[in-house]
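Trainee: One structure, pasted below without further comment.
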Amino acid sequence: MKLFGTSGIRMKNLTPEIAYKVGFAVSQIAKNVVVGRDTRTTGDLIRNSLFAGLLNGGAEIVDIGIVPTPTLGYSARNYDMGIMITASHNPSEYNGIKLFNKDGTSFRPEQEQNIEDIIYNKKNQKRVSWNSIKKVWTDESALKKYSDFILDSVEINKNFSVVVDCANSAGCVASPYLFTDVGAHVISVNGHIDGRFIGRSPEPNEKNLQDTMHMIKGLNENNKGNKYIGIAHDGDADRMIAIDEKGRLTDFDKLLAVFSRYMAEKTGTKTIITTVDASMAIEEYLKDLNVNVIRTKVGDVAVSDELNKHDDAIFGGEPSGTWIHKDIHLTPDGILSGLRLLEMMEFYDKKLYELIDDVPCYSNLREKLPCPDDKKIIVMDFVIKNGENIFDAEVETIDGARFSLDDGWVLIRPSGTEPFVRVRVEAKNDIIAKELLEKGIKLVKDGLNEKK
């Protein structure tokens, strides 16, 4: 696809022309649309162009303003579909457009392809006359409806101390308030709206969260009362990463394992959904519960689709900080996930670091290798054809090529948005991990040299 990547449209300097075309294409399939946006400086520009396209095709619009993506996803249930203007964790010069179904799930690739077909093939294009233009309504109650819904979905009786870092983005309008509403003592960091993300870059990783991590460590050094933990969001608060009482950023894979165990023990579910790039620690950590871990393609769309295939599956996540709680709603929700983290700590009566440190730790290595887009198919065909002999393991082609060994695994998959092929390995020790990575890199390079 020309416009849509693995998570909607995201690009540097997204133009009003593209926003108009997307809006017009959407108007051909939906006549009642709810729209939200994050705090980026180009948000109004993109919104107005999107609105022009929607109106030109006869759609009615409900604007809910600056909201987290999970608020938009929750609100979509009352309309034909939802549109979120956001570039998620990307820097401030980026913006994007993400489309949502009524059930809160993101558009699937075939739905996005249909939008592109309308744009580029001028398929089913119909403009309305001047006297059929619909209205743009404003719903200032959407955020409160979402907040009330989330508060009704969690039960937290213990008093916690939480530092909430919203990256000056959409989470600012909801996350600190909801943590306060459940009785937590909250310190808000980067908690005012600023589309330049002046406090930190919106991707919640170790580099960008250094100040918040040091703050939590300092707060707890001489604190004999409740120890602070940290909750950090990306640019639209559909993701969440936690910082433990020692000021350490929690590993995404370990957090996924802990969440999965909590949901299994609390609800009795025997099915957990995750992606092909998640750690084997999750199977190890859940082994005594006889939980079936089902792996799917990378991306929240694939996780939510797989959740819907299994009635007993109520939780899924991926090691990017994306957590989906099907028993509540199907949109990835960083705020709900942060609150459920408090629920989990209360359930086990343990500190966060105690829960995280209980998860097995394996050696992880990764590398990304330059690969022109027109060579990706050739390279992956070569990897799939030759990888089983190289690794002495059967290949799984759910998403890229994954080789599972007794003491580790290798995942080789092409980037959906960049001219790279990524190699990720995990093993029970550093020596095995290094050997697997070297084999994976050589396999990709040999594929690049393959002539067809």
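Placement of Cβ uses the backbone N, Cα and C atoms for every residue, glycine included.
Dumping what Swiss-Prot says about this protein:
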BINDING   SER88, ASP234, ASP236, ASP238  Mg(2+) binding site
ACT_SITE  SER88  active site, phosphoserine intermediate
MOD_RES   SER88  phosphoserine
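Where in this structure would I find these features, and how exposed are they?
Mentor: When Cβ atoms from all protein chains are considered, those within 10 Å of ASP236 (Mg(2+) binding site) total 32, not counting its own.
Cβ-based neighbour count (10 Å, all protein chains) for SER88 (Mg(2+) binding site) stands at 25.
According to its DSSP assignment, SER88 (Mg(2+) binding site) is coil.
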Trainee: When DSSP states are folded down to helix, strand and coil, where does ASP234 (Mg(2+) binding site) land?
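Mentor: SS state of ASP234 (Mg(2+) binding site) = coil.
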Trainee: Just to be sure I understand the packing, how many Cβ atoms besides its own are within 10 Å of the Cβ of ASP234 (Mg(2+) binding site)?
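Mentor: The answer is 32.
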Trainee: I want to check the contact list for ASP238 (Mg(2+) binding site): same chain, sequence separation of six or more, C-beta distance under 8 angstroms. What comes out?
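Mentor: Counting only residues 6 or more apart in sequence, the Cβ neighbours of ASP238 (Mg(2+) binding site) under 8 Å are PRO68, THR69, PRO70, SER88, ASP300, THR322, THR331, PRO332, ASP333, GLY334.
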